[in-house]
């Protein structure tokens, strides 16, 4: 019996169904952790809980040689690049690592590197910060990184901070570019499957005209590419405007700080925003309890709807401006 390649709607529906079941599994894991370990431990380990939930899901399905619930839902099966054999155990393990472990560790280590650079640039170690809570038990690698960062000049540190930020944005850009390519070519929906060469075959014949569906998705891919180019141009202009606004804001802060009373100055030395690394102005709280400048956090929320420190997801409407906060 000859099998044909899975079409784009099947791959998308399969991924969406898997995400739905993974979200349900994560929610149950969060509830169990909160019930037994408390809210404090849950806040500290919630990213790791999500990681282990995803690993459990894929180990019980893909790694064990079974279809995921999403794949079973649309009647597709995994095959290797030859489309004649099922993926080997090594390929399945590599797929799970690239799909779950790699994004987690990449995001975690980049955030940590960015935080280290900001601390060194500022010259103050925030011992109570959520991101530096494990600084006293650093691994040998991070001790080496810390020594190398300490040896850099201030200008080099600032340049490296920008480079890390651009690299993180480039990862998001690459994902969107890959998605647009999928709409046009229809080969791999996830980057991890492209790296491991895992394809899909459909068990049953799909209902509908594949050529008509493919033309529709090709048009969607072209529109996505155009939108991505426009977004890149807008972000570049926005980045330049932010740089100019940041310089003006630093001048205004310096003038305000020089006019402040001595007792207010001594307090403000401790109250600094971790985004701009300047004295915190117009203090604003996120739902998770972290404090930032109003201008800094609202600007951050224009591109990312998450806390810069703990990565808790929230909408900009949830920000609380703390009037007369001392």
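The backbone N, Cα and C atoms fix where each Cβ goes, and this holds for glycine too.
With respect to the membrane, residue 5 and residue 196 are annotated on the same face, judging by the topological domain names in Swiss-Prot.
From the options 217-236, 237-256, the stretch Swiss-Prot describes as transmembrane segment is 217-236. Check Swiss-Prot against the ranges 148-185, 262-299 and you find transmembrane segment recorded for 148-185. Here the candidates are the binding-site residues 288, 290, 307, 310. The one whose C-alpha lies nearest to that of residue 273 (Zn(2+) 1 binding site) is 290. In this view, residue 288 (Zn(2+) 2 binding site) is surrounded by 16 other Cβ atoms within 10 Å of its Cβ, with every protein chain counted. Just so you know, the Cβ of residue 307 (Zn(2+) 2 binding site) picks up 20 other Cβ atoms within 10 Å once every protein chain is counted. Each residue in 274, 275, 277, 278, 280, 281, 292, 295, 297 lies on the same chain as 273, 276, 293, 296 and has a C-beta within 8 Å of the C-beta centroid of that Zn(2+) 1 site, without being one of the site residues.
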